[in-house]
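Notes to accompany the following structure.
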Amino acid sequence: MDPYLLMWGLLTFITVPGCQAELCDDDPPKITHATFKAVAYKEGTMLNCECKRGFRRIKSGSPYMLCTGNSSHSSWDNQCQCTSSAARNTTKQVTPQPEEQKERKTTEMQSQMQLADQVSLPGHCREPPPWENEATERIYHFVVGQMVYYQCVQGYRALHRGPAESICKMTHGKTRWTQPQLICTGETEPSQFPGEEEPQASPDGLPESETSRLVTTTDFRIQTEVAATMETFIFTTEYQVAVAGCVFLLISVLLLSGLTWQRRQRKNRRTI
């Protein structure tokens, strides 16, 4: 075998895992009467540039936004732009419907609150800014190590039996999301788990879908600490695996060298 190819394979094998962003194969798990939200997005996360009905992405525009950066600063690359699907009516002024106006105001309010609550994390991007004529639902492509948090929708209360978050992990070469331990029950229904009910802060005056996504500043600090702890643990485990692999290779090389030396000694004795 070519020694250069052997050296390349060896270096590839002992490279510490996690240096390259691995996309998660599936979406985060779904919980009945609950929605999930990412407080910050790891580098490598992609967001589809989706437009609402009657609009389409411009031909020269990128199909997605990408969270990229370095150890000191991360931001979203590319910009999503939507244009009217009807080329003939481009000069016609379209009056937005009341629902669209309400949705736009809600999105702007949500973006402002998120920018105020969020703290910059190394290797993470904030919530992507909204763009004109954006689709109602955002489609993300998360990477390994991403953490999302769950919250019951308006009209339901949370019964916690464990962590209410999910993390995308790499296990045996495959990605999987941990299962969040959250149960949402109607506010009028009796609790089946005494002592496990936890109150939820839901600002009045916001639609159900938007209210369920908001995260308070206090919750964000706690979640940030949990996220940092989990990421440190994941990195430490992967690093230990890499070190163990290096030690194994070193021992193998030493054993092979020893066996080769013994064979040479035996041949020399026979020759003598």
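Cβ atoms here come from the backbone N, Cα and C positions, even for glycine.
If you look up Swiss-Prot, you'll see 1-21 marked as signal peptide, on the strength of similarity to another entry.
If you look up Swiss-Prot, you'll see 22-240 marked as topological domain 'Extracellular'.
According to Swiss-Prot, the disulfide bond annotation covers C24-C67 (among others), on the basis of sequence analysis. Spatially close to C67 (disulfide bond) yet at least six residues away along the chain are Y41, K42, E43, G44, T45, M46, S74, S75, W76, D77, H124, C125, judged by Cβ distances under 8 angstroms.
Residues or ranges marked as disulfide bond by Swiss-Prot on the basis of sequence analysis: C49-C80 (among others). According to DSSP, C80 (disulfide bond) is assigned to coil rather than to any helix or strand.
Cβ neighbours of C51 (disulfide bond) (same chain, under 8 Å, six or more residues apart in sequence): R57, C82, N133, E134, A135. When secondary structure is read from DSSP and collapsed to three states, C51 (disulfide bond) falls in the strand class. Taken from Swiss-Prot, the feature disulfide bond applies to C51-C82 (among others).
According to Swiss-Prot, the compositional bias 'Polar residues' annotation covers 87-98.
Under the heading domain 'Sushi 2', Swiss-Prot lists 123-186. Across the domain 'Sushi 2' (123-186), DSSP classifies residues as 0 helix, 33 strand, 31 coil.
Cβ neighbour count for C125 (disulfide bond) (all protein chains, 10 Å cutoff from its Cβ): 26. The disulfide bond annotation in Swiss-Prot covers C125-C168 (among others).
Taking the Cβ of C184 (disulfide bond) as reference, residues of its chain lying under 8 Å away and at least six apart in sequence are, in sequence order, I31, T32, H33, A34, C152, V153, Y156, R157, A158, L159. The disulfide bond annotation in Swiss-Prot covers C152-C184 (among others).
Secondary structure by DSSP for the topological domain 'Cytoplasmic' (260-272): 12 helix, 0 strand, 1 coil. Under the heading topological domain 'Cytoplasmic', Swiss-Prot lists 260-272, citing sequence analysis as support.
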Same chain, |i - j| six or more, Cβ under 8 Å of C80 (disulfide bond); the result in sequence order is L47, C49, R57, G61, S62, M65, W131, E134
How about long-range neighbours of the topological domain 'Cytoplasmic' (260-272): same chain, 6 or more residues beyond its ends, C-beta under 8 Å? none
Please report how many Å separate the Cα atom of C24 (disulfide bond) from that of C168 (disulfide bond), as a whole number. 7
